[in-house]
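As recorded in Swiss-Prot, the features of this protein are as follows:
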type     : residues : note
MOD_RES  : THR198   : phosphothreonine
COMPBIAS : 514-529  : compositional bias 'Basic and acidic residues'
REGION   : 514-554  : region 'Disordered'
COMPBIAS : 540-554  : compositional bias 'Basic and acidic residues'
REGION   : 604-641  : region 'Disordered'
COMPBIAS : 608-621  : compositional bias 'Basic and acidic residues'
COMPBIAS : 622-633  : compositional bias 'Acidic residues'
Amino acid sequence: MAKVIGIDLGTTNSCVSVMDGKDAKVIENAEGARTTPSMVAFTEDGERLVGQPAKRQAVTNPENTLFAIKRLIGRTFEDPTTQKDKGMVPYKIVKADNGDAWVEAHGTSYSPSQISAMILQKMKETAESYLGEKVEKAVITVPAYFNDAQRQATKDAGKIAGLDVLRIINEPTAAALAYGLDKKEGKTIAVYDLGGGTFDISVLEIGDGVFEVKSTNGDTFLGGEDFDMRLVEYLASEFKKEQGIDLKNDKLALQRLKEAAEKAKIELSSSQQTEINLPFITADASGPKHLTMKLSRAKFESLVEDLIQKTIAPCKAALKDAGVSAAEIDEVVLVGGMTRMPKVQETVKQLFGKEPHKGVNPDEVVAMGAAIQAGVLQGDVKDVLLLDVTPLSLGIETLGGVFTRLIERNTTIPTKKSQVFSTADDNQSAVTIRVSQGEREMAADNKLLGQFDLVGIPPAPRGVPQIEVTFDIDANGIVQVSAKDKGTGKEHQIRIQASGGLSDAEIEKMVKDAEANAEADKKRREGVEAKNQAESLVHSSEKSLQEHGDKVSETDRKAIEDAIAALKSAVEVSEPDAEDIKAKTNTLMEVSMKLGQAIYEAQQTDAAHADAAADAKRSGDDVVDADYEEVKDEDDRKRSA
């Protein structure tokens, strides 16, 4: 039975895990790392790089290196969050035909789901390489506070990557699974998850295989990226004061600043001070300029103090919704790379009145939880019951633009809820049902998930027709809405059409593009491997010919030289053809056989001569000079006596 993998699709880094017996195992990628940067780059020659290779070239190719794409997934272009993000990244964020936020690289537009799919493909390949078999099913994690559009877009990304997404699971819930799988006694825990781009807080009751989420809260635009940008802004402003040059106008310098900020942030988690040193960051008429600055932990903490404080209100709201006090929380589990920051740990300690639990790896625990959930779905992990909640209230817009809730936030999912509505005018034959998600009292202030028209209502006075609207939330937290005209008995099963999002046709096209790209990537990799093998063979053949060319006939020597030249030509073209290189590699190997044979025979002859010489030396050495003493015979002995 094929394995189901667990993937933590992160803002900054992603991680893949699989059940190995009773334990979740994190799989190392091709570069030997346990996490993979969530970055995709497009080079000048059309090559697509994912993960560490993309990160390595980001400084020289900032406009076509896409990172923190998770912050855009499921968002519209006009969303204030998107507009804020536009000013923070060097790449282009553009408006798609459906109003969604897309990104652009080398003049081509991509949806965030497409870019996320490229990262998921990398995780899929990592798992396949380890398992030695095809992987087609996965459990993917999302921030607990993701809305329906963001969850649907994540599921679309999985489909584009060629994965059947069995379940979308909330990140704090996944972390709780990994933390509490072996815990038998009942506990109330809080999972404080501050990652690269999002913040979640979940309160759970766990014990004896049951994981029940009591409440969840968070901020989908608060994480390590914001901490990095604070430091970038500070470095740029200090440099401007000293040199009078604004580095924020230079995308290449900005990318170098971002990398330096991330490195400094990490170093300050374990040391009190760090030095940022960026030579040749820019230049003016007087010559090149260098940025050198010492940064203390205290200064960094003061720069990001308000960001850390922004996590407190969601924590208090989650505790209130769960009906527990901070003192009643038995354990606070830290998740996400940012929780390594001492100031964050100190804030959590002050808020909950206890030392947070640091026994899990904050970068890997979410992927491990996803793998455990995959094991549950596959039947490999027994006696585990997971009860999650919907993070935001769901409802429809009613008369006067009021948001009428059908399903309150923190309702256990899956769930189904119906409510009867009616018409606002006499003889109204159609109603538009606008579905929203959020906590504000007016529908316009919440996230519009979609709308649909229910037509064919028989003429009647206002308030008479009875229209039953049913909300159905599945275990992934994804919403379906249906409507039924109770007067006529006609039922309308309506699949909600998101106000943005990808259509089925677009997803299908992207799936085909991804498959084509995977094939192109495979061919490119085969080309590189064939080229490496060919260059190695050319080098060894030239060396052998130079040293032993006199051992073969002129005809054979010429054949080898021609084969080397042909293989060199095949390798040196801009778009090497793997099949052509392989064929010419085989030709060179065949014609070189006579040279190899001649070298072997010469070695055999030399070895035979050496053996004969050694034997001759040994036979000469067998003559031994001996000391002797003369022994007189019996008569001589008698006479001398």
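Heads up, the Cβ atoms here are built off N, Cα and C, so glycines get one too.
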Long-range Cβ neighbours of the compositional bias 'Basic and acidic residues' (540-554) (under 8 Å; 6 or more residues past either end): 560-561, 563-564, 588, 592, 594-596, 598-599, 601-602
Protein Cβ atoms within 10 Å of THR198 (phosphothreonine), excluding its own: 27
Residue distribution over DSSP helix, strand and coil in the region 'Disordered' (514-554): 39 helix, 0 strand, 2 coil
